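Student: Pasting the feature list from Swiss-Prot:
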BINDING   Asn233, Met262, Tyr291, His327, Ser347, Arg348, Gly349, Asp388, Gly389, Leu390, Arg391, Glu427, Tyr454  substrate binding site
BINDING   His431, His495  Zn(2+) binding site
BINDING   Cys575, Cys578, Cys583  [4Fe-4S] cluster binding site
REGION    1-21  region 'Disordered'
Amino acid sequence: MSIKAKNAAHLRESAQVDSGSVQPFTRSQKIYVQGSRPDIRVPMREITLDVTPTDFGGEINAPVTVYDTSGPYTDPNVIIDVRKGLADVRSPWIDSRNDTERLPGLSSNFGQQRLSDAELTALRFAHVRNPRRAKAGANVSQMHYARQGIITAEMEYVAIRENMKLQEARAAGLLTQQHAGHSFGASIPKEITAEFVREEIARGRAIIPANINHVELEPMIIGRNFLVKINGNIGNSALGSSIEEEVAKLTWGIRWGSDTVMDLSTGKHIHETREWIIRNSPVPIGTVPIYQALEKVGGAAEDLTWELFRDTLIEQAEQGVDYFTIHAGVLLRYVPLTAKRVTGIVSRGGSIMAKWCLAHHKENFLYTHFEDICEIMKAYDVSFSLGDGLRPGSIADANDAAQFGELETLGELTKIAWKHDVQTMIEGPGHVPMQLIKENMDKQLECCDEAPFYTLGPLTTDIAPGYDHITSGIGAAMIGWFGCAMLCYVTPKEHLGLPNKDDVKTGIITYKIAAHAADLAKGHPGAQIRDNALSKARFEFRWEDQFNLGLDPDTARSYHDETLPKDSAKVAHFCSMCGPKFCSMKITQEVREYAANQRIEAVDVDVAKGLAEQAERFKQEGSQLYKKV
């Protein structure tokens with residue numbers, strides 16, 4: 001089916017939410033933690049646990065609260081209608097600051113053209129609000145407020161969200177132990193407060209991507225002293241995917257834990273696709289505006305102009321895009337440094353700007369007009385994601401002069417953005433072998449003065465097409481531990497094709513693992529609560545709790561049921577790997593019971609004696625390695 005035919009089927013009167021995205025997780029409920037005002041209601045997911053079996057003490061297990069990116073989609077009390085979009089969360093907060101104005105309509109030329117095109121009526125999102133903009137002379141960025149000493153509702157919101165009811169968890173005994181972390185100089189407090197959030201944003205070490213026109217947003221924070229976040233990419237291309245499919249990818253991705261989503265559409269109807277996505281997104285949406293600008297000139301990079309790009313920025317800012325990837329560090333003098341690379345320039349945005357620079361033999365207009373861009377950003381509170389257009393596309397090219405030259409320029413641009421109180425994060429590689437990853441993180445911290453780092457992986461080897469979610473997940477866990485604030489997911493289809501829903505889920509779960517492993521290694525307060533709860537459930541053979549506490553309950557349950565599908569297996573004190581006779585945890589329980597009965601105090605002797613008895617029993621039963629269950 002052609003794109004045109006697919007989108008013709010996506011009528012605003014008949015669009016529906018993806019059914020798989022609105023199912024609550026088993027034994028989970030959406031809870032809301034209220035802040036200092038009634039309209040600050042911070043969503044979290046609470047997982048209810050079973051009582052410990054009598055054999056193990058019969059204690060009641062407190063519910064476990066986990067971070068929730070799924071928005072209202074998993075709240076059974078909310079009626080979802082993608083044709084109307086999500087409820088307005090932030091307008092009362094924005095109104096109370098009294099520094100914005102409602103425009104009479106779209107002010108970008110392209111936005112006005114699309115709105116007046118009658119042929120697009122069937123595709124267009126029906127409930128478009130008139131956009132907001134800062135009043136003349138005002139700066140509406142979260143960084144500007146933070147530097148004035150103001151704690152905004154958004155700052156309070158993310159502080160509550162980051163803590164995940166940590167005090168209650170400690171009181172319930174869910175954090176009886178947590179290994180000390182090694183944070184490589186990060187300053188992670190025992191509890192996240194709104195004042196700490198304000199300080200980090202004022203310092204430039206964290207950002208809250210929150211365009212004033214994205215009122216459906218549930219605010220989140222990106223910074224090395226907070227939980228490591230992940231981004232998922234969606235977007236159509238000239239080869240396939242409809243608007244409805246992209247909205248479904250959005251809702252599916254946030255169900256599994258995508259903290260932000262980038263719309264990288266390069267095909268037809270980019271403007272309309274983005275409107276549907278933003279109006280239905282509770283998470284920040286990022287874009288690469290140069291992609292759409294290139295479409296407007298028919299794909300000829302040399303025909304790009306500052307005026308066209310400026311109009312594209314305003315168009316997207318008025319829709320509510322929360323952060324822009326802008327490749328302003330690709331300078332004319334750096335392009336020759338890529339000539340001897342194995343893989344040259346692999347960034348789409350980087351290659352576009354390199355081609356423009358060479359065609360005109362002029363400096364990158366994104367660099368020369370950077371302060372003009374800052375004026376637009378602070379009028380809507382769009383955050384910079386300064387693009388790494390010269391990132392290495394192979395491990396052979398890692399950490400070369402082109403990559404690090406651009407990084408130094410991004411550091412210079414960061415200071416200019418901060419002069420305008422514009423929130424900024426820095427994008428990073430790419431393909432980097434493990435031994436060179438820490439150098440990337442250290443150099444970014446030095447060049448960019450601790451602005452949040454946002455990396456694609458990095459992929460640690462180039463030999464595994466089809467498995468690059470794994471090659472990159474390794475690098476992502478490492479750089480997250482070293483201080484990277486957000487990890488851009490990689491799917492199994494990386495380098496091979498556009499990801500489908502299953503690929504999106506696989507990429508997100510892989511990166512949630514990497515991010516959580518980094519949080520554990522950094523010693524983030526409360527990071528080990530979920531691990532401890534799942535380990536306890538595993539030791540007590542509470543199978544349903546094991547599934548439900550995991551990042552992907554569906555897959556865990558499915559794997560278990562492949563060999564032990566009956567309900568009785570959900571209470572069995574063994575799994576199919578070892579069977580009932582050779583389960584190490586069951587044996588440990590028997591050893592403990594024996595020690596208690598015999599009043600043996602020396603643990604080493606106790607374990608040795610117990611295992612010896614198990615060995616003798618094994619011999620008596622015929623020394624058969626495998627038994628029919």
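Note that Cβ sites are derived from N, Cα and C of the backbone, with glycine treated the same way.
These figures come from a predicted structure and were not determined experimentally.
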Student: Cα-Cα, whole number of Å: Gly389 (substrate binding site) versus His431 (Zn(2+) binding site)?
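Tutor: Spelling it out, the Cα of Gly389 (substrate binding site) and the Cα of His431 (Zn(2+) binding site) are 13 Å apart.
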Student: For Tyr291 (substrate binding site), which residues in the same chain are close in space, meaning a Cβ under 8 Å from its Cβ, but six or more apart along the sequence?
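Tutor: Tyr291 (substrate binding site) has long-range Cβ partners Leu264, Ser265, Thr266, Ile270, Arg348, Gly349.
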Student: To the nearest whole angstrom, what is the C-alpha distance linking Ser347 (substrate binding site) and His431 (Zn(2+) binding site)?
Tutor: 12
Student: If I take the alpha carbons of Arg391 (substrate binding site) and His495 (Zn(2+) binding site), what is the distance between them in whole Å?
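Tutor: With distance taken Cα to Cα, His495 (Zn(2+) binding site) is 15 Å from Arg391 (substrate binding site).
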Student: Taking the Cβ of His431 (Zn(2+) binding site) as the centre, count every other Cβ atom within 10 Å, in any protein chain shown.
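Tutor: Neighbour count, Cβ to Cβ under the 10 Å cut-off: 26.
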Student: Validating a neighbour-count step here. Other CB atoms within 10 A of the CB of Gly349 (substrate binding site): how many?
Tutor: 22
Student: Look at each of the binding-site residues, Arg391, His495, and point out the one with the fewest other Cβ atoms around it within 10 Å.
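Tutor: Counting other Cβ atoms within 10 Å of each of the binding-site residues Arg391, His495, the minimum falls on His495.
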Student: Just to be sure I understand the packing, how many Cβ atoms besides its own are within 10 Å of the Cβ of Tyr454 (substrate binding site)?
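Tutor: A 10 Å sphere around the Cβ of Tyr454 (substrate binding site) contains 27 other Cβ atoms.
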Student: May I ask you to report the DSSP-based helix, strand or coil state of Arg391 (substrate binding site)?
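Tutor: Going by the DSSP assignment, Arg391 (substrate binding site) belongs to neither helix nor strand, so it counts as coil.
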Student: Name the residues of the same chain, 6+ apart in sequence, whose Cβ is under 8 Å from the Cβ of Asn233 (substrate binding site)?
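Tutor: Val261, Met262, Leu264, Cys488, Tyr489 - these are the non-local Cβ neighbours of Asn233 (substrate binding site), listed in sequence order.
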Student: Rounded to a whole number, how many Å is the Cα of Tyr454 (substrate binding site) away from the Cα of His431 (Zn(2+) binding site)?
Tutor: 14
Student: For a quick check of understanding: among the binding-site residues Ser347, Gly389, which residue's Cβ has the most other Cβ atoms within 10 Å?
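Tutor: Per the Cβ count, the most surrounded site is Gly389.
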